[in-house]
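Here is what TrEMBL says about this protein:
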- 1-18: signal peptide (SIGNAL)
- 23-208: domain 'Plant heme peroxidase family profile' (DOMAIN)
- CYS33-CYS96: disulfide bond (DISULFID)
- ARG60: site 'Transition state stabilizer' (SITE)
- HIS64: active site, proton acceptor (ACT_SITE)
- ASP65, VAL68: Ca(2+) 1 binding site (BINDING)
- PRO145: substrate binding site (BINDING)
- HIS175: heme b binding site (BINDING)
- THR176: Ca(2+) 2 binding site (BINDING)
- CYS182-CYS207: disulfide bond (DISULFID)
Amino acid sequence: MAPRFNFLLHAFLCLALATTSFSLSPKFYDNLCPQALPAIKRIVEAAVHREPRMGASLLRLHFHDCFVNKNARGNFNSVRGFEVVDQIKAEVDRVCGRPVVSCADILAVAARDSVLALGGPTWKVRLGRRDSTTASRALADSVLPSASMDLPALISNFKNQGLNTRDLVALSGGHTVGLSQCVIFRNRIYNATNIDPTFAKERRVTCP
């Protein structure tokens, strides 16, 4: 998505979203379309029931929403679940009678409902975002945190976007659900010294 302000709006968890200057509210659609959020929840629950991994995929789409170019390095061959988002959008537009709910809000609510469907906690989602009309692959490639970053680099990366260490912990926790490609962590489980040896051994079984 275009400016860095939209990055802050769409990139990460609700902790970051709570700091924006927009008048976001959990009740934004109460009068505009009270059927919207229940419709999102129904489809998310059905999708996660069919394939539990989809919950993690929808959560990740919310994290990466500002990097909408799916060919950006951080998204290439890894983002999935677009068909569920399309299904949600079509159903929400139907029950609302018109396009009222932004895709950015759909992703934010679907992420929350996915975590809940997987047995995790819930939280209030502040709504009222508007979708950007542009996308920047260059921005996605340059700003998205790399999986190879160490802690100081991650803290610095988040700070550049107005996010703090609490936001970093929240986002990192969101990465404990779902699957990861071996190429992302293979070097650590075979070579790193600051990793639990039992955990590393278990990972080597599925990542030779």
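Glycine residues also receive a Cβ, built from the backbone N, Cα and C atoms like all the rest.
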Point to revise | Spatial neighbours of ARG60 (site 'Transition state stabilizer'), counting only the binding-site residues PRO145, HIS175, THR176 and Cα distances within 10 Å | key: HIS175
Revision key, fill the gap. By Cα geometry, the one of the recorded positions (CYS33, HIS64, HIS175, CYS182, CYS207) nearest the residue listed as 'substrate binding site' is HIS64
Point to revise | All-chain count of other Cβ atoms within 10 Å of CYS182 (disulfide bond) | key: 14
Revision key, fill the gap. Smallest number of other CB atoms within 10 Å: among the recorded positions ARG60, HIS175, that is HIS175
Exercise for review: Using C-alpha atoms only, work out the spacing between the residue listed as 'active site, proton acceptor' and CYS207 (disulfide bond) and round it to an integer in Å.
Suggested key: 25
**Study point:** CYS33, HIS64, THR176, CYS207 as recorded positions, winner by CB count within 10 A
**Key:** HIS64
